[in-house]
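> Below is a structure I'd like to ask you about.
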Amino acid sequence: MKWFEYGNEKISHREILVAIPSMVIAVGVLSLPRDLAAATVGSDGWILLVISGGVIVFITWLMARLATKFPRQSFLTYSSKIVTKPVAVVMTFIFIAIAIALAALEVREISDISKQYLFDRTPVEIISLSFLLVVVYAVSGSRAGIFRLNLMFLPIILIIAIAVFVFNIGWFSLGNLLPVFETDFTGVGRGLTTGLLSYMGFGIILFYTSLVDNPAKVPRSAVIGMCIPVLLYILIFITCIGVFGNSVTSNLIFPTIELAKEVDIPGGFFERFESIFFVIWIMAIFNTTVMAIDVALLALSSIFKNKSKMKIVCVLSPVVYLIAMYPEDLLDVSALGGYLSYFAISYTSIVTILLSVIAKVRKVK
């Protein structure tokens with residue numbers, strides 16, 4: 001079978017703008033209000049989202065600036081110039097491991113949520129396998145096609161998220177946002193950590209910038225793209241607190257889904273809006289999973305240049321599935337997500353800062 005390919009595999013800076021929120025917005029936002037509400041008092045969490053978002057936006061800009069200094073060069077190529085090839089290979093393999101683990105986490109979490117809300121009689125293993133097969137089919141095709149899917153799916157996802165806010169205005173109580181500025185330092189620390197970890201995935205800039213036809217515009221597009229999930233997370237969190245209150249939000253497993261359940265469209269046009277919300281949100285999780293595997297594929301291809309794309313995909317797919325099936329229950333899945341988020345955010349930030357500083361000191365071009 002011959003896979004369809006676009007005539008031009010290059011992408012524009014606008015597609016990077018769309019790819020970043022498509023990667024970052026995933027299954028984590030469904031439980032983010034709970035974790036943030038548990039760490040803070042009242043609606044203080046939105047302030048921490050702004051602060052943590054500002055930090056991530058800065059690192060995103062720094063990352064884009066680093067990658068655009070080496071136009072049309074892979075991460076392995078330009079990092080080899082900065083810190084020698086052996087070190088660059090090790091760093092690349094760690095990014096590959098992060099991408100594989102992220103894809104596995106998304107596959108498992110979407111399967112658990114689907115079983116809870118949609119397919120209560122279907123085994124998690126079957127749901128995971130079905131979802132992964134669709135993802136593999138997408139990854140096996142054109143890389144430019146993945147970015148076209150992002151362009152198509154992201155507006156729908158954002159419209160549905162805004163619709164959840166609009167249709168919950170009737171249930172929104174300003175009193176639930178009080179008190180303000182009551183969170184202690186321990187809560188602020190936990191809240192900032194939760195906020196930072198919710199933005200995992202922006203590291204794709206290090207790998208996808210080599211595909212951009214006009215790299216000079218990538219930093220600005222990357223910053224704008226990263227601002228989209230920051231604003232969306234703030235909107236969702238404030239809506240959850242305004243509708244449910246802090247104490248209720250902190251005790252819901254998936255507050256964002258419960259928020260969709262509260263939607264009551266006049267005229268009975270949609271009786272179960274949460275089903276539509278969930279189906280649309282699968283698009284977001286699909287985008288994240290596809291790009292996570294594709295980044296791993298892109299990185300592996302830069303190391304093993306003689307291996308075909310399909311061979312690498314055939315090796316990656318079982319690995320992703322086995323990792324996805326390893327956690328025994330929701331607690332194990334949550335723990336895996338926590339460890340992965342800590343490591344991914346820390347590693348990506350440290351590598352970006354170190355490479356930027358070393359490249360500046362050594363004047364590597």
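Quick reminder: no glycine exception, Cβ is built from N, Cα and C everywhere.
Pulled these features from TrEMBL for this protein:
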TRANSMEM  16-33  transmembrane segment
TRANSMEM  45-66  transmembrane segment
TRANSMEM  87-105  transmembrane segment
TRANSMEM  117-139  transmembrane segment
TRANSMEM  151-172  transmembrane segment
TRANSMEM  192-211  transmembrane segment
TRANSMEM  223-245  transmembrane segment
TRANSMEM  276-300  transmembrane segment
TRANSMEM  312-327  transmembrane segment
TRANSMEM  339-359  transmembrane segment
> Which residues of the same chain, at least 6 past either end of the transmembrane segment (276-300), have a Cβ under 8 Å from a Cβ in it?
19, 22-27, 30, 74-76, 92, 95-96, 99-100, 102-103, 106-107, 109-110, 113-114, 117-118, 131, 134-136, 138-139, 143, 146, 149-150, 153-154, 156-157, 160, 164, 201, 203-204, 207-208, 257, 260, 263, 270, 307, 309, 312-313, 316, 320
> Count the CB pairs under 8 A between the transmembrane segment (45-66) and each of 151-172, 192-211, 339-359, then give me the winner.
192-211
> For the transmembrane segment (151-172), which partner among 87-105, 192-211, 223-245, 312-327, 339-359 gives the most CB pairs under 8 Å?
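The listed stretch sharing the most Cβ pairs with the transmembrane segment (151-172) is 223-245.
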> For the transmembrane segment (223-245), what are the same-chain contacts with Cβ under 8 Å, counting residues 6+ beyond its ends?
16-21, 24-25, 29, 32-33, 36-37, 42-43, 45-46, 49-50, 53, 56-57, 60-61, 64, 158, 161-162, 164-165, 168, 171-174, 176-177, 195, 198-199, 202, 252, 255-256, 258-259, 262
